[in-house]
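S.K.: Dropping a structure here in structure tokens format, bear with me for questions.
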Amino acid sequence: MRVLGIDPGIALTGYGIIESKNGSEFKVIDYGRIETSSSLKKSMRLLHLYTELCSIISLYQPDVVAIEELFFSKNSKTAITIGEARGVIILTCIQNNLSIYEYTPLQVKQSITGYGRADKTQIQKMVKSLLGLSEIPKPDDVADALAVAMCHILSSSSVLYQEDEV
């Protein structure tokens, strides 16, 4: 199974492509970020996100997409903007006939570290360790995208797994 993990954002969207044959061993295919300039109109930023994601999907041919669920408590403007980016991401995946699975930050933390209240540093160290990377992927959004992809692989291989496709 090849999973495209995504940590959505308008300024920066992290992505990571991971492959697993048995649900416990991981092979990193690629990871990186899609950046948009704040000097562009929002519509142009969303278009850039769309075209870059289309290229990534075309190049790496993932089987499924795992995306981090939106969680904000205070800044509604940020939540709306990220919601718009998520909409573009979900539409792009649907247009490419990809199944999409969402995971909360709590689910990702629990899956990767075994502790639902793990902090960013703990998650990043586990991502580095589990993927056999020489350094922690930067920026944080990229490490988060890899963590979401691993979360899907680990969750889907669990006997407790319940399919929760978007």
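The chain as shown is numbered from 1 upward.
Just so it is clear, glycine is given a Cβ too, placed from its N, Cα and C backbone atoms.
So Swiss-Prot lists these for the protein:
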type     : residues : note
ACT_SITE : D7       : active site
BINDING  : D7, D141 : Mg(2+) 1 binding site
ACT_SITE : E68      : active site
BINDING  : E68      : Mg(2+) 2 binding site
ACT_SITE : D141     : active site
S.K.: Using Cβ-Cβ distances, find the residues under 8 Å from D141 (Mg(2+) 1 binding site) that belong to the same chain and are at least 6 apart in sequence, listing them in sequence order.
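M.R.: Spatial neighbours, sequence-distant, of D141 (Mg(2+) 1 binding site): D7, G9, L12, T13, G14, R33.
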S.K.: In sequence order, which same-chain residues at least six apart have a C-beta under 8 angstroms from E68 (active site)?
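M.R.: Once residues fewer than 6 apart are set aside, E68 (active site) is near I6, D7, P8, E102, Y103, T104, P105, V108, D144, A145, V148.
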